[in-house]
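The structure appears right after this line, and notes come after that.
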Amino acid sequence: PAPVKPPDGGWGWIVLFGCFVITGFSYAFPKAVSVYFKELMKDFHVGYSDTAWISSIMLAMLYGTGPVCSIMVNQFGCRPVMLIGGLLASSGMILASFTTNIIELYLTAGVLTGLGMALNFQPSLIMLGTYFDKRRPLANGLAAAGSPVFLSSLSPLGQVLLEKFGWRGGFLIMGGLLLNCCTCGAVMRPLDMGMKRKMEKAQDKYEAKEMLPIGGKSEEGISTTDGTKKAKKAKKQPKKGKKLLDFSIFSNRGFIIYTISKFILVLGLFVPPILLVNYAKDTGVPDTEAAFLLSIIGFIDIFARPACGMVAGLKWVRPHVAYLFSFAMLFNGLTDICSARASNYTGLVIFCVFFGISYGMVGALQFEVLMAIVGSQKFSSAIGLVLLIEAFAVLIGPPSAGRLVDALKNYEVIFYLAGSEVVLSALFLAMATYCCL
């Protein structure tokens, strides 16, 4: 059947709010968990790189299970998948509060919670793409703002819970918070269902008029009714050979360029925010002030994402949104490089301000660019495959950075390395888009 025209509003605003909450949990949670790392290192007698694997596994599950999510969404729809995901995410953190070693933490907080978030994150973006078209850049920007809003609140909340209840109590309460993902899943009403009801009402009125016995109209009415019943039956029959995962998108040159640049980007993008709190603590910044640095990034990010979404929606910018995305990545990479020598709290605050702006721009544009390249029909398969490829970069990035920190005892090199990777991805996207598309 032909795709239903996106309403660009109405119930779409409720879907947008649900997507806002899901995006917030999916991206902010792996970073907010880093507040507990010092206590975990003491309890389990492990190094920083061992605890960094918790965030990495969580992010890797969010990215790596992309194709599985795509297949499940194409098979069962967005809403059931999201409800199961919410339950899995919550149970993962609740079970993590009872763990006795770091391996159990990897399996519960890492694998189970990460899988639950993945089953929520991807369907919510797909639903957003079906409900918005003209206002899609703005909708993507507003939904992406969930990440900084939740980061600015979850990080200090985690610090408070750690002080009041210890890391076990904190994990238990955060597991309860993740049950809100189920509520967000419940509001993701399939767009075609509402349209189908309207069509059926209109059809019933038409049938009633046609069946009125005026001359030969009654016979026509009966034949029309039979025809519509047959059409309904034909629609109810499932399509044969329905594609669960569409690999034809790999023939799209723009998709290949986007995927390569995103892989390079993700190698360095998440390293600074994950290392930041521990870096600040090691330079002598008090624990509460160190956790507040993530809140600064989050606060700036809140305004950067919707603003960037509005800019991307302008008539003269929207056709060239890939170049805006590459500029955002370049800005982010240069921020990392320029701030590598920040050694006091003031320098770290300045870094957080510029990082928040650039990080917000990247977050607001990444899925808008992908939607513009592949279209809403192939988006569910495209995002699954992109996230799978990015998962390898997520698994390599933060743990290798943590390993380097343990070996060199120097954060400066890490910031240079992460910034260089992000700059490289920006240059590749801009040049390949200009030369090949």
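Each residue, glycine too, has its Cβ placed from N, Cα and C.
What TrEMBL records for 12-437 is domain 'Major facilitator superfamily (MFS) profile'. The transmembrane segment annotation in TrEMBL covers 12-33, 53-73, 80-99, 105-126, 170-191, 255-280, 292-314, 321-342, 348-367, 379-401, 413-436.
The stretch from 12-33, 80-99, 292-314 that makes the most Cβ contacts under 8 Å with the transmembrane segment (53-73) is 12-33. Only sequence-distant pairs (6 or more apart) were considered; of these, fewer than three Cβ pairs between the transmembrane segment (255-280) and the transmembrane segment (170-191) are under 8 A, so the stretches are not in contact. A contact between the transmembrane segment (321-342) and the transmembrane segment (413-436) is present, since 3 or more of their C-beta pairs, 6 or more residues apart, lie under 8 Å.
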